[in-house]
Structures are given as structure tokens and as C-alpha cells.
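Trainee: Below are the C-alpha cells for one structure; questions will follow.
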Amino acid sequence: MSTSAPNTNELNSPVLETQPLAGDAALLHSSIADGYEEIIRAPFDYLLNLPGKDVRSKMISAFNQWLCIPADKLEVIKRIVMLLHNASLLIDDIQDSSKLRRGLPVSHHIFGVPQTINAANYAYFLAQQELPKLGDPKAFEIYTEELLSLHRGQGMDIYWREASKCPTEEEYFSMVSHKTGGLFRLAIRLMQLASDKNCDFVPLVNVLGVIFQIRDDYLNLQSHAYTVNKGFGEDLTEGKYSFPIIHSIRSDPTNIQLSSILKQRTTDVDVKLFAVECIKATGSFEHCKEKIAELVAEARQLIKEMGNSVPGSAEAVDRVLDLIGLEPESS
């Protein structure tokens, strides 16, 4: 009995290829997916509904006293930043093995890691979908640049932690400029794109980003309110090289106690209290306060140099500094 070879035309037939859905079928599948929107967004919406200070939105409003962009574009930028900020928190909490966020269980402990990662990634693209409303294709370029910057900074931070490598202060500042500064810069660059004012606030925003992060690092180890919201000394449990920890380790390289505690990822309160005393003994908390004061002075100097091009700048920068938890200095 003879057998015939397969017909190559049949094997290559378009019938065997996946065809795009058309007409009613496409609408049906779209409708089904739309019905899952709340489920897909659930980890994100849970985080969004937790009480927060909404600092970034308030800062955008404060800077708009100078940039005066139209209200509709201002709301678009606020939405973009809100989506990105909360998406990054979802990912941060997973990468840091966090347990609490704003005093309640983190999203991935409720919805699971896979669903939470998907919700965070979904939010990145919801934010990107807002960009055409700004009416300038350069918005996509800014968005991509700053998201790449944010992920570079996050990668540096994670590497130091996982490799138990204590960075220098200069490396820390570079990381913060990318990670924390990225979202601040994204907001201000999109605002400048939408404004007819000729002001460059990026240098100021870079300084504010560093102030914000050092303050956060300080409060993580010294604030009762922070303990309630995120747990006591969470940075120690994460093994994170925060600003006071970096200063303390580098102030006394022969003392390996603090670096050893970081490697343990301890949840023991007594061990963490001992670590805080080690940090205090090297004057590292005072160093934080001194560095913040120095950076606040630098921010004020940047405003001063802008001169008359930014009317009312002194009062506005006080409001911005106040928003990130610093009392305005008396002049």
C-alpha cells in the first residue's frame, strides 16, 4: 500500500493559523474582558483606598502656582503620577517582603503575588494611555525616560541589599535621584511641557526627591507613626541600606554588628532596638538631620537664583517643603 507525503500547501494553509476575531465575536470577547476590570484592578484599588497624604498630588498643585497649566491637563498629570506611584508601591511591597502598608496588610498578602504584579503592570499602561491627552508626542519620551530611570534606581537598591554591599553616600544619592526622583521629575517635566512658562524646575525637584527619601529613611527608624503604619524598623528587616545605616556602617568599618544584623533580615524587636542604638552611637540620625537642613538650604538657593522669573517663589517653596514633612525655616 502506498502512502502519499503530506501536502505542504495544506500544512501552510492559512486555515491552520490563528485568525483575529472579527465582528460580533470580537465584541463578545471585549465585553467579557471588560467584566473582569474590577477583578484585574482589585489589588491596585485596595491600595488606593488606604488612607494616605497624597503628597505628590499636592506638590503638583503647588508647582502649578508657577507653571499655570490648564486644569484638564493638570488632572491628567495627577492621574498619571497617581497610577505610577501606587503601581510602584505594589511592586515595592513584593520586592521588600513588606507586611504592612499604611497600617493595613499589603495587597499581595490579600490578593496574592501574581494578581498584584499583574495589577501593577496594568496600572503602568493605564498611565501611558493618558499621555495623548496632553497633546504633545514628547510626553511619551519623558514617560519612558523617567520609568527607565525609576527602574534603574530600584535595581541599584535591590542589588545592594541582595549582595549585602554597603554603597557610598554618592552612590546612594545617585540611586535616589533615579528611584525617588524619577516620579517627581516625570510630574514636573510633563507640567513644563504643558506650560507656556519658561522655567526649569528639574534641579529643584531633584533636590526635593533626595530630601523626601532621607526623611523617609530617618522616620523608618525613629518615628512612632511610621511604626504603626509599616512596622518598627522595617528597613532593618528588609536588609536595606538606608541613609542612616550607610552612614553608620561607613563611620566605623571595623564594627560589623550592624551589617551582620542587616543580613539576618530580623523581625526580632530587641535586635532591631540594638541596631538603632548602634546607628545612634555613630551620630547617624543627627547626620540625617544635618543633611536635610543642607538640602533645604540648597532648595531655597535654587529658588532664589530663579529671581523675578518666579513671583511668590519663596512662599511656594515653603509650602512644597512643608508637604514633605519639613517645617518652613524662618527667614
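Numbers run from 1 along the shown chain.
Heads up, the Cβ atoms here are built off N, Cα and C, so glycines get one too.
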Trainee: Among ARG41, ARG102, which residue shares the isopentenyl diphosphate site with LYS53, ARG56, HIS85 according to Swiss-Prot?
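Mentor: Within the candidate list, Swiss-Prot flags ARG102.
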Trainee: Taking just the CA atoms, what is the gap between THR180 (dimethylallyl diphosphate binding site) and HIS85 (isopentenyl diphosphate binding site) in Å?
Mentor: 10
Trainee: Of LYS53, ASP92, ASP96, ARG102, ASP216, which is closest to LYS179 (dimethylallyl diphosphate binding site) if I measure between C-alpha atoms? They're all binding-site residues.
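Mentor: Smallest Cα separation from LYS179 (dimethylallyl diphosphate binding site) among LYS53, ASP92, ASP96, ARG102, ASP216: ASP92.
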Trainee: Over all pairs in ARG101, LYS179, THR180, GLN213, ASN220, LYS230, LYS240, the listed dimethylallyl diphosphate binding residues, work out the largest Cα-Cα distance in Å.
Mentor: 20
Trainee: Among the binding-site residues listed here (ASP96, ARG101, LYS240), which has the Cα closest to the Cα of LYS53 (isopentenyl diphosphate binding site)?
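Mentor: It is ARG101, whose Cα lies nearest.
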Trainee: Helix, strand or coil by DSSP: which one applies to ARG101 (dimethylallyl diphosphate binding site)?
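Mentor: Assignment for ARG101 (dimethylallyl diphosphate binding site) reads strand.
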